[in-house]
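Each remark here refers to the structure printed beneath this line.
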């Protein structure tokens, strides 16, 4: 029962995270479309807020049980902050200059496939090709990837026509998101191993956030030298301050810690399996609030990625069940058959 409750809690957290991330992506896309807001400065401000939130929570909630922070853990936190913040999130934000939020969300759905391939290659994920669970993982990954590709191809012409630089701008956006996906997939694999050695998840999240924010600030200092780019101001119907606070407190703060907790307790593939929901939430938000139109292939692609998600989740649930069934047997095999009562 405890395992089932834990799985339900992790699943609910990941669904809420994908919904919250979809809201943030749509808000970012609308804000950056005007051209008045610097993408780099926006990311820096968001992560300044998230660093403050996570550091405060870590100080008050984990100060009694925080293990010693070694130089090795600090170096890992710096590198993981580079992957997740300086590379992944900065590239994702830059890409919204060239592609729409729904297109970006479609490409982000390939992360589950990338994580699966990397996890199997690194020996971090069991993959029995002939077994039902192995086939479910394989076909779930392929369906998710195929669905994302269908959405990309169905919207390519619209994206190219809408982009200021045409096809070349569309390709730049595509490349930025692809690199962001690779960086995020590597982060999910590595953070699980680091979290196993450093039990304070909140402190680790805060260290990564602070490291990433310092790196982002260094990048912004070089690329954004105009003082006006750093001003927080009203921009039409959108309030930049609201986007910064929502992204910093909710998405990159609370949900970021929750995601790291899920990676630590359920593994990177479990977390990556929920990324297909991002495209569904983003499409719905864009259609409801921005008047976007969905192509038939886009809808079919969304169905495929959701189907792939459920296959992956079923396979992971079977893995947890098999581990739970094997644990009592393993313990009983280690117990002596004859007890010495002398």
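A Cβ is built for glycine as well, from the same backbone N, Cα and C atoms used for every other residue.
According to TrEMBL, the features are:
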SIGNAL    1-22  signal peptide
TRANSMEM  12-33  transmembrane segment
TRANSMEM  39-61  transmembrane segment
TRANSMEM  73-91  transmembrane segment
TRANSMEM  103-124  transmembrane segment
TRANSMEM  136-155  transmembrane segment
TRANSMEM  167-190  transmembrane segment
DOMAIN    173-313  domain 'EamA'
TRANSMEM  202-222  transmembrane segment
TRANSMEM  234-257  transmembrane segment
TRANSMEM  269-290  transmembrane segment
TRANSMEM  296-315  transmembrane segment
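Only sequence-distant pairs (6 or more apart) were considered; of these, fewer than three Cβ pairs between the transmembrane segment (12-33) and the transmembrane segment (167-190) are under 8 A, so the stretches are not in contact. Listed stretches 167-190, 202-222, 296-315 were compared with the transmembrane segment (269-290); the greatest number of C-beta pairs under 8 angstroms is found for 296-315. Secondary structure of the domain 'EamA' (173-313) per DSSP (helix as H, G, I; strand as E, B; remaining residues coil): 116 helix, 4 strand, 21 coil. Residues 28, 31-32, 85, 89-90, 93-94, 96-97, 200, 202-203, 205-206, 209-210, 212-213, 216-217, 219-220, 223-224, 229-230, 232, 240, 243-245, 247-249, 251-254, 256-257 of the same chain sit 6 or more residues outside the transmembrane segment (39-61) yet have a Cβ under 8 Å from a Cβ within it. Averaged across the domain 'EamA' (173-313), pLDDT in this predicted model comes to 82.
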